[in-house]
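The annotation L-isoleucyl-5'-AMP binding site is assigned in Swiss-Prot to E566 on the grounds of sequence analysis. Taken from Swiss-Prot, the feature ATP binding site covers K610, and the record attributes it to sequence analysis. As annotated by Swiss-Prot, Zn(2+) binding site applies to C906, C909, C926, C929. As annotated by Swiss-Prot, motif ''HIGH' region' applies to 58-68. The annotation motif ''KMSKS' region' is assigned in Swiss-Prot to 607-611.
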Amino acid sequence: MSDYKKTLNLPQTAFPMKANLAQREPEAIKKWEAANACAAMVEASGSEGTYILHDGPPYANGHLHMGHALNKILKDIIVKSRNMAGYASWYVPGWDCHGLPIEHKVEQDLKEKKKSLPAHVVRKLCREYANKWLDVQRKEFKRLGVLGDWDHPYISMDPAYEAVTAGELAKFVAAGGVARAKKPIYWCCSCHTALAEAEVEYNDHTSPSVYVRFALPDEGLKKVFAAADPARAHVVIWTTTPWTLPDNMAVCLHPEFTYALVEAEGSQYILAEELVASCAETFGWSEYTILDRATGERLEGLKARHPFYDRQSSLVLGLHVTLDAGTGCVHTAPGHGREDYDVALKYGLEIYSPMDDAGRFLPAVEFFAGLNVFEANPKVVEKLEEVGALLQKGKIRHSYPHCWRCKEPVIFRATTQWFISMEKNDLRTRALKAIDEEVRWIPAWGRERIHNMVEFRPDWCISRQRQWGVPILALLCEDCGEAWNDPAWMQEIAARFAKHPTGCDYWYEAELKDVVPEGLACPHCGGNHWKRETDILDVWFDSGTSFAAVLEKRPELGFPADLYLEGSDQHRGWFHSSLLVSEGTRGCAPYRAVLTHGYVVDGDGRKMSKSVGNVIAPQELIEKFGAEIVRLWVSSVEYREDIRLSDEILGRLVDAYRRIRNTCRFIMGNLSDITAHDLLSLDRLQPLDRFALDVAGRVHERVQQAYMDFDFHKVYHTLHNYCVTDLSSVYLDILKDRLYASAPHSDERRSAQTALWHILCLLLRDMAPVLSFTAEEIFSHLPESLRGPETTVFALPPLAAAPYLLDEGTRDDWNVLLAVRGAVTKAIEPMRREGIIGHSLDTRITLFVADELRQRLEGLHTDLRAVCIVSQLHLEALDRAPQAAYRDEEVAGLAIGVEKARGEKCERCWIYSTELGSDASHPALCPRCTAVIKGMES
């Protein structure tokens, strides 16, 4: 027997079957860096305009976690897909470097020494710490295959950035939008600083629950309730923060609620009528009588007595009082609550909050001096019992605010802070209008979420009592304590930041005379003794100015951005602060669209936690699977929800990746001997190959649209199904005979190769944004004669699908043929199961077809036998079909007869022929193979 295998055109390619991703990916990264692939990608783009994705800066602290990986890969997919679609898109990564977490780490290292060090020394250590982790994270991001301007990122501690941040605050001051006031704000007693809404997390917490009676000896009570006895009367409050009772200034009632005067156990009590029954049960009153009723409005101005201090607590009115729980009478401590503060302003009550930065009561606070607020809780309860003011005590488990950094419970504390007003210049109204009318929110529920946050948020507390950040440019009068600043002066100081080697360290290092304007007198008291403000800006103001520091300053970018993309927690963070800063100083949103993703959870849907032990680090996955599989995972999930991750999930994706890779490898293996000169024009392709290009073109359209719509899971599923089903299981399976057994330079083989080349060109463009390493590897293995001048796959120009598409009628006919092919496969299966045949080529098929079906099949002008991968196939009229013929309910007008193929099997192509050996020199070959061999021999 002759060795005819050597005469077959078997696939040949240096593109390896085994990916070895973890080993090969670093080489690809080196290649991208050497070729400046990011610049090459953008420079090759721009035919459709620009697209600006503005990077939300991660915090320069610690190694990357899976949330970082998800976020950066999503951005990378968008930037690459936009560039490859013709939209020039520079990706400028950024880092947020100021703030408490870094200062906290430096504090831990310095311990007690920090207290004696000047601010600029602490700041230098913070800067070094941030720089160290910035470099670590930069390497880790690049390892994920993310292309960007990594050598020129934006960094919030750069002098130019700090100068812009300080300058943006000056613009708010110029517009009258900034005020310094004593208001209750979130305060962390552990970190000794004010907190913004975005820096507060709500967790379950157990608090004391106490019902307290305030004596109401006011004779005016009789004018409201005829049956009242002021000597025995009380108003009852409920609180879960007993430590705030020393600072009580009033009891608040709702003006429209009905309040009852209740007789019980020898005393009289004022409670909201609707809550009397539940309170009686709580207090254990077996009997009680409602003596009279009145609206809260009639009780306004009556004077109660503080439970353990010799002072009055007035009855005041407020619309914030509810009947959801408690008594309908609200303990009011203006130094510890927003509504309490608002009521205090209305009634002229003292904003009383006598505690230090650690939350300890000052020496002047009788009974509780020196106690931390949480230590004071049980002591206050003891005091209430001692004076007979405690009606009931217990515990309550509820959602309570905690510090985002140290995880400790926080308090409301009135301190002097700097605020941006939400009402001045209609900032709130304008921000809400931008949310509703200017910005596209993806998913759509994001609009309502941020709308509600902005609608109900308080004024923005922008000051922090820390050292590592951009200082608030203001001078404090040492004579009267009032603050002074001026927008022009602030801009001048900000300009000095830009020129100083370490930016706003200038504020701490310069002599006082260099920052105080000559001859400046305090406008409040006329004094001229000044000191610098030591508060720094909220880091959310820092990052919220990034549009001004980056988009408006870099010529390759622009304002506003087309897209901000971060986790859903940023509705209250970066999206929120950026909107307020931009709306406040530019009068518009800084973004046209906002896209949010969910959190990464484990395979069971649980939050990743070190304590649970279910944290998965990107570095481990890259080492085990390769970054490419992590990228494929990002593209495969519905990332707008919480995203599950486990080894099992990634294992399934490894299998999917292998199938995609092998499909590409098969295509490349069959292009090894073709040059650009050998490619046929589309009108010379065989009908099957034209249909294959139609399928490829429609897949390309779907994939590109999915990229534009941010539906990356559709990209993954479309490409995977295409490679596995349309290509491997159908088209490539049909092509094998033509590719392997036809004459190497024949039109029928060149037609197949031409189609494969076009398919690969489309596949490369569709894969590259997600499977970046693999696409680059394929690109580097393309035959030299087929390659263009591009240095990277990402610089390939866009390809339109239109030239590949067929008319719908022809496409429908091909789909009918594929349905017939599927029916043939099912008809053959019983003979295969019974061992009568081993392969579909061992069969002869008779298609009994109705006239309409015959016309459709014959109108395709294709080899039906080859499409069905059988040795012989012929058509007969449907009415000649025997009873035993196979019928498929999915294909109308068809019956199938299956029998063993006639003749003998060709040793070269394995197709049966009744004309085997018609040439004596090749007795084991069919006429087709004989002609091919003779052509080779000649």
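The backbone N, Cα and C atoms fix where each Cβ goes, glycine too.
In the shown protein chains, 23 other C-beta atoms lie within 10 A of the C-beta of C909 (Zn(2+) binding site). Broken down by DSSP into helix, strand and coil, the motif ''KMSKS' region' (607-611) contains 0 helix, 1 strand, 4 coil. Neighbours of the Zn(2+) site: apart from C906, C909, C926, C929, residues of the same chain with C-beta atoms within 8 angstroms of the site's C-beta centroid are A741, E907, R908, W910, I911, S913, L916, L925, P927, R928, T930.
Put simply, C909 is the one of the binding-site residues C906, C909, C926, C929 whose Cα lies nearest to the Cα of K610 (ATP binding site). Following the DSSP three-state reduction, the secondary structure of C929 (Zn(2+) binding site) is helix. Taking the binding-site residues C906, C926, C929 in turn and counting surrounding C-beta atoms within 10 angstroms, the largest count is reached at C926. The Cβ of K610 has fewer other Cβ atoms within 10 Å than any other of the binding-site residues E566, K610. Across the structure, C926 (Zn(2+) binding site) and E566 (L-isoleucyl-5'-AMP binding site) are spaced 64 Å apart at their Cα atoms. When the binding-site residues C906, C909, C929 are compared by Cα distance to E566 (L-isoleucyl-5'-AMP binding site), the shortest distance belongs to C909.
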